[in-house]
Amino acid sequence: MTYSIRIADLPLTERPRERLLSLGAQSLSNAELLAILLATGQGKGKLSAVGLGQHILKELSQHKRDPLDVLRDMSPQELMNIPGIGPAKATTILAAIELGKRAFQLRPMEKVEINDPVSAVAALSHDLMWQNQERFAIVLLNVKNQIIGTKLISIGTATETLVHPREIFREVLKQGATKLIIGHNHPSGNVAPSQEDIDLTEQLLKAATFLNFPLLDHLILGNGNHQSLRTVTDLWIRYPQEG
């Protein structure tokens with residue numbers, strides 16, 4: 001398949017819209033999903049919609065980051081610098097990205113029970129998942145592990161955030177919570193815990209044990225990924241928490 005073949009000239013089984021209808025959106029490549037948003041290519045004899053989608057991804061791959069990660073942060077003007085992308089195409093792409101963010105970041109209703117890292121990630125996503133600066137937030141729980149609320153504690157730089165145990169447990173007391181989950185984001189999308197993350201978690205587990213407010217997990221979020229320190233460290237074995 002070449003970039004200049006029109007979608008209308010493709011067999012039905014190879015057209016992005018038809019493939020989405022028959023196989024589901026998850027079966028399409030990134031270029032095919034972009035092609036559906038673009039609707040048209042660059043015109044006769046030039047790139048088709050799929051070809052233009054491939055060209056966009058190729059251009060963005062020069063940033064040494066995942067092309068979709070780059071695309072997520074682009075402004076309309078930056079998108080329109082790519083040949084073949086005008087205001088209509090740029091705004092359609094960015095509207096789709098924003099809608100996806102909002103769907104992913106929906107807050108759970110209060111009193112939802114947190115029983116695994118995934119449900120806690122859903123509670124923290126609005127504040128942490130797609131942010132360009134490091135942020136630290138907490139999920140406040142009652143005795144039944146139901147959400148009382150979430151609270152953004154601090155906002156740092158692109159690479160670090162500063163938080164003190166006093167700020168965290170003050171909020172726990174203020175909201176009448178009995179347990180908590182803490183979380184922060186890595187804007188890079190690499191959710192592997194750093195030594196600083198591990199050290200902070202140990203410090204907070206000691207404080208939680210002393211104050212009798214069980215700390216159930218420390219989650220790292222970023223660009224659609226997440227990691228639970230409870231599952232990848234032995235800290236909760238060394239500092240057992242009720243609940």
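Any Cβ shown, glycine's included, is placed from N, Cα and C.
What Swiss-Prot lists as domain 'MPN' is 112-235, and the listing cites sequence analysis.
Residues or ranges marked as motif 'JAMM motif' by Swiss-Prot on the basis of sequence analysis: 184-197. Outside the motif 'JAMM motif' (184-197) by six or more residues, the chain places 66, 69, 128-129, 131-137, 158-161, 163, 218, 220-227, 229, 232-233 with a CB less than 8 A from a CB of the stretch.
Listed in sequence order, E134, I220, L221, G222 are the same-chain residues six or more apart from H186 (Zn(2+) binding site) with CB atoms under 8 A from its CB. Look at Swiss-Prot and you will find H184, H186, D197 tagged as Zn(2+) binding site.
Fewest Cβ neighbours within 10 Å among the binding-site residues H184, D197: that distinction goes to D197. The domain 'MPN' (112-235) scores a mean pLDDT of 92 in the predicted structure.
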